[in-house]
Amino acid sequence: MSSRTSVHIVDDDASVRESLKSLMSKSGFDVHCYSSADAFLAHSAEVDGCALVDLRLQGMSGLELQRELIARRVPVSVIMMSAYGDVEHAVSAMRLGAVDFVEKPFDPQLLLQKVSTLTDADADAERGQRDARQHASLIDTLTPREKQVLQMIVDGLANKQVAGRLGISARTVETHRVHIMQKLGAESLPHLVRIWLTAGHYVEMPETPS
């Protein structure tokens with residue numbers, strides 16, 4: 001791994017920063033740590049590579065930081081981190097351009113793998129197109145009702161809200177949700193969101209009741 005590949009860790013938890021710094025440094029990355037969004041932005045003019053950003057930073061949040069990085073056109077790929085399975089914020093982060101969303105505590109080797117994939121933009125682009133087509137094919141195996149439920153889940157609606165809009169029971173929604181996860185091979189809600197967002201324009205979704 002080239003030592004010139006930079007990884008920026010933005011987390012207000014010192015223990016998390018030190019743990020990630022040790023992990024990434026041992027893998028040959030040039031690591032920089034910041035305790036706040038403001039501290040990171042103070043160096044934004046010289047930033048590139050990959051940034052591991054905590055969603056719930058004190059002061060400016062991870063999402064607000066991501067918006068500011070976009071506004072400043074900082075050439076950095078963002079992986080958002082959170083200790084909470086927050087689907088709505090995962091969707092928001094990815095729509096803003098985050099390349100991934102990971103839940104704490106995370107598997108060190110899996111996180112290393114995610115960071116390593118960002119070192120080759122061309123390979124990522126090619127893989128992204130392939131994944132989009134594959135995920136779209138999986139989504140096409142869902143029934144129209146399952147697609148409606150999927151759409152509402154990734155929009156951040158709870159089971160009871162989905163049930164109210166579709167005129168079905170929350171138990172039925174949960175059954176659909178389980179089937180959707182199984183058909184798409186999703187291991188978690190963030191994973192489900194990634195599959196849906198990756199499929200993008202390759203998928204035609206039915207209209208959902210408002």
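Just so it is clear, glycine is given a Cβ too, placed from its N, Cα and C backbone atoms.
Secondary structure by DSSP for the domain 'Response regulatory' (6-119): 50 helix, 27 strand, 37 coil. According to TrEMBL, the feature domain 'Response regulatory' maps to 6-119.
Averaged over the domain 'HTH luxR-type' (135-200), the predicted model reaches a pLDDT of 93. For 135-200, the entry in TrEMBL reads domain 'HTH luxR-type'.
On its own chain, ASP54 (4-aspartylphosphate) has VAL10, ASP11, ASP12, ASP13, VAL16, GLY62, MET80, MET81, SER82 as residues at least 6 apart in sequence with a Cβ closer than 8 Å to its own Cβ. Annotation comment: TrEMBL describes ASP54 as 4-aspartylphosphate.
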Write out how many residues of the domain 'HTH luxR-type' (135-200) are helix, how many strand and how many coil, based on DSSP. 51 helix, 0 strand, 15 coil
